[in-house]
Amino acid sequence: MVKSKTITVDYHRHCDKCYDVHCQFPVLICVSCKVIKCRKNCSATFHMCKEEEHKLLCPNEMVPCLNVNYGCPLTMLRHRLAKHLEVCPASVVCCSQEWNRWPVSENDLAFYRNVSENLQTERNLDVAMALRDQELLFRSIKMKNVFPELMEEDGAAGIDSPAGEATCSLDVGAFLENGCTRMEEELSQEELDALAKSRDVDGIQNYSSWEKVFNKEEGGCKQTMKNLKKKVGKGNAKEEHESSNCQGKTRDSQPRQENASASQTMDGVAGFAPWEDGVLERLGREVNNAEYNRYLVQNGAMLINFGQLPACTPRENDFVYGKLEPIEVKTVRTFNVPTSYRAKRNYLRDSRQKVKMNVGVDTADLGVPVEDLPKCDEISATLLHSLEKELKGHLISESAGRDGFYVDIGTQTYNFASSPFKHDATLADVVADKPHGLCVQVESESVTRRHNKASSAFSYMCGHFFRRDEYSSHFRNVHSDIQASISGWFQQRCPLAYLGCHFTQTRFHPAGLQATVKFCQDVSAFVLQPDVPSLLCEDGKTFSPQRNASHNQNSLGSLPLEILQHIAGYLDSFTLSQLSQVSHLMRGVCATLLQERGMVSLKWKKKIYSHGGSSWKCRKKVWEFSSLFSSVDRWSFSNNPSMSDHLKTCTFYQREEHTEPVALVCLGEVSDKHRGAKHKR
């Protein structure tokens, strides 16, 4: 096959293969053209027909930013693209710092109760952060996932309860009599790996066969469902016919087996007495599984006493798949018990000999009407449920299988004043009209690899967006300097806070700058608030000499636009975002700094077409400033008095003076030694 090359109008055979800067080849039509230099002065020399191709590589060519599709409107020389990406307004980074914050422990209820009574979020940075995380926690917890039985009834869709799920039970007595069961055991991934690594030769030989059997399990179940739908009548008739034949054969062979077993058990000379050596080996070769298991149940105590059967066998000697011959199961109805099956030792008991009954405990046993019972707190009960699932991996009163035959089922009921809940209600919606204090701890801990943060309700992420050149400053100042040492080091609280003292002081401030770290609830971020001297303040308000001259005149707004732009250039991103909300004039001043200091992001909207399809369209480009405050390279200790000075005047610090003498523990021993020494003398 010959490939043909498309020849354009400007194609020259000589120029296509010529890379000589000093080419002296004559100019011929359709063969060659003259050699020129780049018009952008990039020092490149090439044939004139390659000028369009050179524009794609010329470093002095004006090109749009690489993030032009993400909102950046700037154009620049090509060799400046790499450096521009560091400060590109469309190069936005989301802070992914994560931490855990757990609910309040019962040991610290007094401290959190006192803190909840006086929530000073501006002064207490740790309390402000905890309230922010608590709000996110309440919004993320869905009530239908925690209390599905307390939701409003929906006629269109019902709620499936664990009691309605399909269960499978097996009677031990029926298993011992028939010697077969329809229950299919499955291997977990850990058991398959352990079986593959085992040195047992039989298990290694059967491993590949077992792999094929279990890989076909899903396909066999699907095929069975198809057969049941197509041939329901024929399948039922065939099943009844096979069942009747199996029962007839069992009835014919059962009397003979019982007589033979009885004669062999009664007669010790036959070799099946419990005190005979090797009785279990001979019994396993000559009788079937049902008779073997019945013999163990009837003579188990004697076999243990005579040493024929150990009282407790190790786990590796119990039933495992590696000791069974692999049987391929095409459908569920073709499954048969392997001939080498031996049940586990804890299943070899006759459940019919022990009387069992169902016992239920309910609040009605207390003899108190349901209306008079105390109501449960929605917050504490919901957090307890979420914490149980977080730490132990299951909900409260979840059904658990004790063994292959019994299931423990517990039910925990709750009585809430706000129930039933709406279908899409969250914990924040339930407690929106109720006063609630601080329900999570003020101390946070880092997320480790052992913690499953994907399904955790108590994991939180910073989630703030920054320009790429701002992210390093944010992470260093906020997460490394402030948040990592906020409790006890960056901010110090009175040791008697658990008694109700609200004294708190910040020990650090930016070096060379008189400012205080605050937590802004509007943007949920730490900010720097400058300390304004008292001379510039009058009754808590900023003093202005022109206030009395004209109440309507704004001294800052009367300045020229160039001066306002120059002043705004010294402000940080958070201050610019707040200044842009003051007036239309200030908004216009801050808008001139968006490309230099701001960031742009795309807002998407889902569009649904008439034919039912949908797609996402870019609705608009949003320009905004981040919540970054001025970068702090070094922190200094604040000029605050020591905590011991506060304890001298703290109203919660009460000294207990003991004037009566108290005998020390060691004084009695010392006096006895002195008395013994005197007697020896």
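Using the three backbone atoms N, Cα and C, a Cβ is placed for every residue, glycine included.
Note that TrEMBL annotation is computational and uncurated.
Here the zinc finger (54-96) has long-range neighbours at 38, 40-42, 44, 46, 461-469, 471, 474-475, 479, 594-595, 598-602, 621, 623, meaning same-chain residues at least 6 beyond its ends whose C-beta is under 8 angstroms from one of its own. Marked as zinc finger by TrEMBL: 54-96.
According to TrEMBL, the feature domain 'TRAF-type' maps to 54-96.
As annotated by TrEMBL, region 'Disordered' applies to 225-268.
Annotation source TrEMBL lists compositional bias 'Basic and acidic residues' at 236-255.
Residues annotated as compositional bias 'Polar residues' in TrEMBL: 256-266.
Across the domain 'F-box' (553-607), the prediction's mean pLDDT works out to 90. If you look up TrEMBL, you'll see 553-607 marked as domain 'F-box'.
Helix, strand and coil counts from DSSP across the zinc finger (54-96) read 12 helix, 9 strand, 22 coil. Helix, strand and coil counts from DSSP across the domain 'F-box' (553-607) read 27 helix, 9 strand, 19 coil.
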